[in-house]
Amino acid sequence: MADILWKMGAMLSSDHSSVVPINLFVALLCACIVIGHLLEEQRWMNESITALAVGLCTGVVILLTTGGKSSHLLVFSEDLFFIYLLPPIIFNAGFQVKKKQFFRNFMTIILFGAVGTLISTAIISIGATHFFKKMNISSLRIGDYLAIGAIFSATDSVCTLQVLNQDETPLLYSLVFGEGVVNDATSVVLFHAIQSIDLSHINSSIAAEFLGNFLYLFISSTILGVLTGLLSAYIIKKLYFGRHSTDREVALMILMAYLSYMLAELFYLSAILTVFFCGIVMSHYTWHNVTESSRITTKHAFATWSFVAEIFIFLYVGMDALDIEKWKVVSDSPGTSVMVSSILLGLVLVGRAAFVFPLSFLSNLTKKFPYEKIDIKQQVTIWWAGLMRGAVSMALAYNQFTRSGHTHLHGNAIMITSTITVVLFSTVVFGLMTKPLVRILLPSQKHTASMLSSEPSSPKSFAVPLLNRQDSEDNQASHNVPRRTSLRMLLSTPSHTVHHYWRKFDNSFMRPVFGGRGFVPFVPCSPTDQSVHQWQ
């Protein structure tokens with residue numbers, strides 16, 4: 001009996017010891033939200049920087065109270081980041097995106113996000129190989145150098161969402177936002193492709209295999225996300241759960257969104273791309289097939305989960321930056337660590353400039369109207385907005401250079417600490433300077449954007465639907481404008497031509513099958529039942 005009581009007491013004390021850090025972490029999340037609200041007027045001080053600052057201050061306090069033994073409340077876990085925190089952020093980005101503006105610039109976004117990431121990865125990898133070999137950093141192999149390129153080519157898609165206001169700068173916001181998501185997905189796909197191939201003897205066949213794996217992952221992940229979104233739309237349209245319980249259709253939307261991410265992980269695909277395009281498809285079809293109350297609920301739920309996950313990530317990154325175990329390994333060579341961080345920052349600057357300006361020039365060649373082209377001030381803004389590195393880079397660096405968040409290899413420890421330094425410096429310094437820089441480069445952008453943008457308010461605004469009356473009026477007006485369908489039109493304005501044919505296909509086949517705005521059949525007590533709104 002005494003042994004049983006002692007074991008029960010030990011279990012209770014163990015459970016209580018794990019509850020304490022969770023309570024503190026939740027309290028810190030609340031503090032970040034409150035501080036972020038108080039700093040709302042200071043547009044240069046976004047939630048990411050606020051959470052980083054709170055995390056750093058908390059790490060210092062924990063270091064002092066533990067006698068320098070620890071600086072964080074929770075142990076870093078890649079599963080926690082990739083399985084639980086990243087999915088709601090990326091899905092909400094796809095769910096809330098303004099699809100017309102996104103797909104209008106789709107080719108430019110793919111050019112920046114996919115081709116640009118490949119160029120940046122190559123430049124950073126070559127530069128790291130050249131400089132680090134001269135510095136005689138041990139334990140780094142060719143696969144590590146290529147992985148470094150993929151790690152530091154991943155821009156922070158969370159931070160880039162707060163760089164620009166899409167109502168003031170619709171073109172820039174669309175490009176920066178779209179590139180951020182595609183860039184993260186491309187970097188992760190590249191990283192896993194590098195890890196899956198034997199790079200000890202590189203030849204043309206291995207290079208072709210690498211390119212084939214990359215294209216396979218990219219295309220398959222997109223198709224999986226689209227199919228999962230269409231399946232959710234078809235099920236909800238045919239069965240219409242809302243006639244009995246709105247909770248069921250809300251739960252089905254949430255679970256199907258998460259299922260798309262986990263299916264991609266199951267089949268070793270890019271889960272980021274999958275859940276992003278699943279969000280786009282669900283906002284275009286599924287969201288219009290549910291009741292009005294479910295629409296409001298899902299928009300609030302997805303945005304809230306994304307918001308909390310963003311704060312959680314940056315709060316933890318701030319605390320983990322002071323992890324004493326990582327810094328002890330490189331304490332004997334602080335100059336080397338500073339030099340590596342400086343070289344990586346320089347390579348990030350050069351690698352991004354190497355593709356933003358040339359690819360912008362190529363993109364402008366395909367644009368017919370002047371307001372569709374990216375001028376030099378906008379190119380500088382795009383280049384600067386993508387300089388920040390964040391949690392994706394941290395997670396990939398942990399995956400490549402540590403085991404369970406710890407390493408005792410000198411070269412690996414230098415890469416981990418340098419990654420932390422680059423993430424903190426780029427997020428805080430570049431993040432603080434971004435808003436003033438935009439105001440200097442684009443002082444009159446707000447007035448111009450209001451005249452050129454054909455889309456209404458921010459997707460984070462819950463006062464209007466994702467596709468509202470103004471959008472539908474634009475659609476009706478577009479049918480009255482005669483369109484050329486010649487090959488010349490396709491070559492001169494490819495995005496507009498593809499959008500025209502897609503809209504015809506969407507209205508003729510997709511929406512009648514999968515539902516969507518204006519194509520939901522009448523069902524009693526459904527969103528199309530006008531009597532419901534009359535009683536309300």
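Just so it is clear, glycine is given a Cβ too, placed from its N, Cα and C backbone atoms.
As recorded in TrEMBL:
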DOMAIN    28-439  domain 'Cation/H+ exchanger transmembrane'
TRANSMEM  20-39  transmembrane segment
TRANSMEM  51-68  transmembrane segment
TRANSMEM  80-97  transmembrane segment
TRANSMEM  109-133  transmembrane segment
TRANSMEM  214-236  transmembrane segment
TRANSMEM  270-288  transmembrane segment
TRANSMEM  300-319  transmembrane segment
TRANSMEM  339-362  transmembrane segment
TRANSMEM  382-401  transmembrane segment
TRANSMEM  413-433  transmembrane segment
Candidate ranges 51-68, 80-97, 339-362 - greatest C-beta contact count to the transmembrane segment (109-133) (under 8 angstroms): 339-362
Close approaches to the transmembrane segment (382-401) from elsewhere in its chain (Cβ under 8 angstroms; 6 or more beyond its ends): 48, 76, 78, 81-82, 85-86, 112, 144, 147, 150-152, 154-160, 163-164, 172, 175-176, 179-180, 183-184, 187-188, 191, 195, 313-314, 317, 320, 348-349, 352-353, 356-357, 360, 374, 407, 409, 412-413, 415-416, 419-420, 422-423, 426-427, 430-431, 433-434, 437
For the transmembrane segment (51-68), sequence-distant contacts whose Cβ falls under 8 Å of one of its Cβ atoms, 6 or more beyond its ends: 28, 31-32, 35-36, 310-311, 313-322, 324, 424, 427-428
Cβ-Cβ under 8 Å with the transmembrane segment (80-97): same-chain residues at least 6 beyond its ends: 74, 157-158, 161, 177-178, 181, 184, 257-258, 261-262, 265, 271-272, 275-280, 282-283, 287, 299, 302-303, 305-306, 309-310, 312-313, 391-392, 395, 459-460, 466
